[in-house]
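Copied over from TrEMBL, here are the features:
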TRANSMEM  12-35  transmembrane segment
TRANSMEM  47-65  transmembrane segment
TRANSMEM  71-93  transmembrane segment
TRANSMEM  105-125  transmembrane segment
TRANSMEM  131-152  transmembrane segment
TRANSMEM  164-186  transmembrane segment
TRANSMEM  192-213  transmembrane segment
COMPBIAS  242-257  compositional bias 'Polar residues'
REGION    242-268  region 'Disordered'
């Protein structure tokens with residue numbers, strides 16, 4: 001009965017991981033819509049999509065080597081199609097220099113690196129040893145990918161701004177890592193569970209940072225707004241006083257007018 005429950009839980013978390021991962025894969029759609037409208041990919045980076053393609057390719061290969069890894073195969077096959085679509089769109093609207101740069105990245109990571117790794121594991125390793133080696137490569141690569149947000153987190157702390165760390169993306173990445181961690185746990189696959197443990201911890205850290213600096217920025221903005229309003233109020237009072245003084249002068253030597261004739265002040 002316990003074994004049956006573990007299989008059911010693995011299926012549930014694997015399905016949840018597929019759904020959330022699919023949503024994460026679709027997250028860059030607004031970026032590519034902006035590129036399409038602008039008819040240029042200048043100012044945007046291709047590296048995240050090259051890395052995502054490499055990660056999906058590695059995990060697909062790992063899933064094929066394993067048995068009963070439908071959940072891993074399905075989402076990563078979809079991910080490869082989506083990332084290739086992004087890269088094709090990026091290249092269509094990229095400058096010649098950027099196209100050459102993307103081509104070099106693809107040759108290094110997706111053709112050279114992945115191709116060499118695949119050839120070596122096929123010809124030099126067999127059975128469980130091959131699966132474990134590819135599993136460790138996948139785990140190491142994904143650990144590096146999950147560690148990438150450290151630079152963004154450092155930027156948030158330094159600038160005290162969450163502009164470059166959207167909460168929604170951090171939330172879905174954390175949810176994704178959680179789902180795959182439990183999937184790996186229930187299928188007893190440490191190569192899936194291990195990197196997603198780090199992904200979960202980094203995701204939680206990002207959301208905590210977001211809440212700290214979002215709340216801090218809000219308080220600072222309200223304080224600045226109150227201070228500005230007070231300064232504007234004081235300035236308006238000064239201007240009103242000056243205006244009143246100009247409209248109603250109070251000089252003691254001002255002549256008084258009676259029936260159209262000036263009457264000298266009694267002090268003269």
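Placed from the backbone N, Cα and C atoms, the Cβ positions cover glycine too.
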Contact set, same chain, for the transmembrane segment (71-93): CB under 8 Å, 6 or more residues outside the stretch: 11, 14-15, 17-18, 21-22, 25-26, 28, 32, 35-36, 38-41, 44, 46, 49-50, 52-53, 55-57, 59-60, 62-64, 99, 102, 106, 183, 192
Sequence-remote partners of the transmembrane segment (12-35) [C-beta within less than 8 Å, at least six residues beyond its ends]: 41, 44, 48-49, 52, 70-71, 74-75, 78-79, 82-83, 86, 89-90, 93, 169, 172-173, 175-176, 179-180, 182-183, 186-187
Tertiary contacts of the transmembrane segment (164-186) (same chain, 6+ residues out, Cβ under 8 Å): 6-7, 9-10, 13-14, 16-17, 20-21, 23-24, 27, 71, 146, 149, 152-153, 155-156, 192-194, 196-197, 199-200, 203-204, 206-207, 209-210, 214
Within-chain partners of the transmembrane segment (105-125) [C-beta distance under 8 Å, separation at least 6 from its ends]: 46-47, 50-51, 53-54, 57-58, 61, 87, 133-134, 137
